[in-house]
Amino acid sequence: MVLAFWLAFFTYTWITLMLDASAVKEPHQQCLSSPKQTRIRETRMRKDDLTKVWPLKREQLLHIEDHDFSTRPGFGGSPVPVGIDVQVESIDSISEVNMDFTMTFYLRHYWKDERLSFPSTTNKSMTFDRRLIQKIWVPDIFFVHSKRSFIHDTTVENIMLRVHPDGNVLFSLRITVSAMCFMDFSRFPLDTQNCSLELESYAYNEEDLMLYWKHGNKSLNTEEHISLSQFFIEEFSASSGLAFYSSTGWYYRLFINFVLRRHIFFFVLQTYFPAMLMVMLSWVSFWIDRRAVPARVSLGITTVLTMSTIVTGVSASMPQVSYVKAVDVYMWVSSLFVFLSVIEYAAVNYLTTVEEWKQLNRRGKISGMYNIDAVQAMAFDGCYHDGETDVDQTSFFLHSEEDSMRTKFTGSPCADSSQIKRKSLGGNVGRIILENNHVIDTYSRIVFPVVYIIFNLFYWGIYV
């Protein structure tokens with residue numbers, strides 16, 4: 001019994017001593033751990049804390065939850081100044097039919113909101129994306145007379161918000177806008193168009209928001225490589241003004257103005273040059289024998305139809321306006337010249353027929369030389385045909401009876417060329433050509449070109 005007691009006592013004492021030794025050894029091992037491992041452990045703990053706390057610190061720095069941002073800065077006081085500057089990236093298109101233009105640019109707003117001020121020892125600004133825009137006040141700028149507009153969203157929405165410690169804010173957007181341009185086509189295609197993009201606050205009138213160009217005339221910047229296929233950009237300028245609405249009052253308005261001058265070379269090749277060619281081609285009929293009815297009529301009809309096609313093509317590419325354009329003046333005057341060349345031959349043909357009938361009546365041969373079939377044949381091809389009368393006995397007296405007797409030759413005007421070759425070439429061919437030319441054709445060869453040249457001088461002098 002005594003032996004069992006002592007055995008239990010020594011066992012308890014040994015276990016107690018072992019536990020005390022392990023408790024003393026563990027702190028010693030902790031103390032023996034390397035300083036490097038201690039620093040790594042502390043760094044990890046610090047990073048975990050920063051990841052959890054940093055977003056909360058930014059919200060606290062800007063005091064987002066402590067203010068009501070549904071109202072403008074300085075509500076109830078003077079209007080908040082909002083500066084604007086624009087960097088034009090490109091003018092994508094100009095549409096004459098729709099009377100609009102499409103422009104891509106960077107729009108930057110500058111204002112001060114003391115509710116967003118925060119303490120900073122380095123005086124560095126903080127940059128945010130679009131998510132903060134929904135929580136604070138921003139200017140409600142819109143584009144007057146715009147048809148379509150959107151903010152670019154590749155790869156993310158192109159919105160940037162930068163807040164400075166003193167509360168100054170920069171709000172930047174990349175936007176594409178299609179807006180109206182009230183064009184005047186009275187001088188088209190020798191025209192110059194003045195277009196403008198207008199910016200204005202939608203809700204805040206002059207008592208609440210003052211819109212101005214941040215850097216004056218230098219607030220509007222453009223890329224040097226901007227170019228258009230049909231226009232040359234002469235000038236970019238910035239201006240400002242006030243707009244009045246009867247129901248809400250006066251509003252500040254900013255203008256992005258640009259002047260477009262059309263490239264004329266394209267239209268010279270596509271419109272003016274073909275019209276000139278058709279007019280000059282119509283003059284060829286003045287040099288064709290007046291008895292060659294099919295040749296002159298077909299040439300006149302071809303030039304008239306071609307001019308009609310050119311006029312239709314020009315009108316199809318233009319808006320339907322109620323006034324006369326410069327290109328309309330040129331096209332219709334050119335069409336008039338082509339049409340008059342056809343009328344000129346109709347007059348020549350009629351007068352020639354009347355003159356020949358008078359000559360035949362004076363000689364008393366109308367009954368013997370011209371039967372019904374011969375008259376119909378002459379009306380068809382402009383040549384006299386008679387199978388019963390000897391052709392060598394036929395003579396035409398075109399100017400006077402005395403001249404006709406002097407220049408009488410064998411055969412009709414449409415006789416075979418071999419008959420003419422049998423005549424003496426000592427001036428007879430030239431005399432025959434002169435006798436076949438009507439006086440109207442002779443004058444038309446001079447009058448038509450001279451008048452058309454005078455018209456071109458006046459036209460280009462007025463419109464260019």
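Each residue, glycine too, has its Cβ placed from N, Cα and C.
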Select one of R108, R115, R261, R262: the residue that Swiss-Prot places in the 4-aminobutanoate site alongside S172, E200.
R108
From N123, N217, the one Swiss-Prot labels N-linked glycosylation site:
N123
Pick from 150-170, 234-254, 297-317: which stretch is listed in Swiss-Prot under transmembrane segment?
297-317
Using the annotation in Swiss-Prot, determine whether I226 and L360 are placed on a common side of the membrane.
no
Within the chain of S172 (4-aminobutanoate binding site), which residues six or more apart in sequence place their C-beta under 8 angstroms from its C-beta?
Y106, L107, R108, H109, I159, M160, L161, R162
Same-chain residues near the transmembrane segment (329-349), Cβ under 8 Å, at least 6 residues beyond its ends:
271-272, 275-276, 278-279, 282-283, 285-286, 290, 293, 296-297, 300-301, 303-304, 307-308, 310-311, 314, 382, 438, 440-441, 444, 448, 451-452, 455, 459
Work out the three-state DSSP category of N123 (N-linked glycosylation site).
coil
Using a Cβ cut-off under 8 Å and a sequence separation of 6 or more, which residues in the same chain sit near E200 (4-aminobutanoate binding site)?
I141, F142, V144, L211, A243, Y251, Y252, R253, L254
The one of N123, N194 whose CB sees the fewest other CB atoms within 10 Å, among these glycosylation sites:
N123
Give me the CA-CA distance between N123 (N-linked glycosylation site) and N194 (N-linked glycosylation site), in Å, as a whole number.
45
Would you mind listing the long-range same-chain contacts of the topological domain 'Extracellular' (318-328), meaning Cβ under 8 Å and 6+ residues beyond its ends?
96-99, 185-191, 267, 271, 459, 463
